[in-house]
Amino acid sequence: MEYKQKFRFGKMKIFFLYLGIFLNFFLQGCKEDDGKKFGVEYWLGMLNLVQMDPKAVAERGYSSNGAITFVRFNSDLVPYSRGQASEVLKTYLQIPAEYTPKLARSNESNGHILDRFQQYYKGLKVENKIYTVVSKDNRIEFMGGDFSGIEQDLNVTPNLSKEDALSRALIHFGAKKYLWESPEREERLRSIKVDPKATYFPK
């Protein structure tokens with residue numbers, strides 16, 4: 001019995017060893033759109049919840065209606081990692097639970113990483129509402145943009161079917177002909193997309 005327990009314990013140690021090696025290679029190998037790898041620090045930062053710290057903020061800007069338009073951080077005093085960007089947004093903009101910042105795209109400029117977050121409300125994208133978080137050497141230095149306040153408990157369940165919505169949209173625009181009604185345009189789109197199912201028809 002004692003031998004079996006030791007054998008099982010040994011197998012578990014080997015399993016977790018291989019699991020740790022796999023996760024290390026997986027996390028190290030994850031890449032952004034530009035081909036650059038996310039470091040382990042990025043993933044560890046994702047696990048950390050952010051608490052508001054008065055010493056962290058060097059400067060704030062506000063719009064006429066009181067919304068925060070930018071925050072400049074004392075990154076040397078209170079360093080937040082790039083991987084904490086989403087939590088930093090939620091904390092310092094005091095975003096309610098219904099609002100979700102989702103990373104839309106990232107790019108690099110003059111040694112800084114710009115992560116652009118799209119605002120979502122109850123899972124629905126809020127058009128043209130973007131907040132940009134600027135990091136350098138894996139430390140968040142600045143964030144700025146516009147996240148809208150939306151009426152509380154707004155019902156996001158659509159009242160129209162897809163067919164009714166399309167019908168009303170066509171009446172509203174009143175075009176004589178649409179792209180999906182042109183076989184030539186449709187064929188060209190399928191050729192460009194290399195997709196036989198590609199279409200201009202609204203989805």
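Glycine is no exception: its Cβ is also placed from the backbone N, Cα and C atoms.
As annotated by TrEMBL, transmembrane segment applies to 12-29.
Annotated domain 'FTP' per TrEMBL: 115-147, in sequence order. Residues 39, 41-42, 61, 63, 67, 69-73, 75, 79-86, 88-89, 92-93, 95, 98-106, 154, 156 of the same chain, all 6+ positions outside the domain 'FTP' (115-147), place their C-beta atoms under 8 angstroms from a C-beta of that stretch.
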Note = Over the domain 'FTP' (115-147) the mean pLDDT stands at 92
Within the domain 'FTP' (115-147), residues counted as helix, strand or coil by DSSP = 0 helix, 27 strand, 6 coil
